[in-house]
Amino acid sequence: GARRGRLPALLWLALAPLPGPAARAELRVRVRLPGGQVTEESLQADSGADCVSLELRAADGALVTLTADFRQEVKIFRALILGELERGQSQFQALCFVTRLHRNEIIPSESMAKLRQKNPRTVRQAEEVRGLEHLSMDVAVNFSKAAQLSSHIHNVCAEAREAIYTREEDVKFWLEKGVDGSMFEVLPQGSALPELQRCGLCAERWKPCMCSYSLSIEWYPCMLKYCKSRDTAGRVSSYKCGIRSCQKGYTFHYYVPQKQLCLWDEET
């Protein structure tokens, strides 16, 4: 009891047992964005379905969601990007990027479900910045068949059904696990089509081009911290006593049939 108070962890993993065999929990955390603004991030965990999701509003107004499906080893990034109505765009544009989930990228769902905040008003910044990752999303995913890859794609990517992308190397991994290959379609490649320009350099709105979209998960529990305790007989044991938080940015590169689908690329 008393010793716990000295631990540097920002969030306690409450050791209280949770009701029922599978717990669903939500935590709201205040997070500082790179420009200094504060946003509220929602973390949800469902240990029964063995998945977690994080959602935050980026500085440009885009709503960014990361869903980690541990059972299927799939992570799904979704961005709802506010459209520019005066430029003939719809109210928002939805994108989904589906990649392989590796072990130890994010804490397990049952640990996420147990997170409690000591001080909910605290504005948090990640302890560790993990390097920016560039991902070449060279395969399109068929929405109507994607439930087999992860049941979460249906809910998360419903608005992005025409814009769900993945990578050939991840597809190979899933095919080896027995996922049906007919849901994947290889997209035209920039390397194979030298005339394909970056959308930012492409002058005509109706021409195909290579689009880039960047997003950042500003704060997420990436590792568990363990502390040691000694019992009366002097035996040492370790227990989960907190989390390490990380920030990670991603830039996705993918083919679009017309520049109109990638207007934000002009600004960068």
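Here the Cβ of each residue, glycine as well, is placed from N, Cα and C on the backbone.
Remember, TrEMBL labels are computer predictions, not curated facts.
Among the features that TrEMBL reports, signal peptide is placed at 1-25.
The feature domain 'Out at first protein BRICHOS-like' is assigned by TrEMBL to 26-174.
The domain 'Out at first C-terminal' annotation in TrEMBL covers 198-266. Over the domain 'Out at first C-terminal' (198-266) the predicted model carries a mean pLDDT of 91.
Helix, strand and coil counts from DSSP across the domain 'Out at first protein BRICHOS-like' (26-174) read 29 helix, 68 strand, 52 coil. Applying DSSP to the domain 'Out at first C-terminal' (198-266) sorts its residues as follows: 11 helix, 44 strand, 14 coil.
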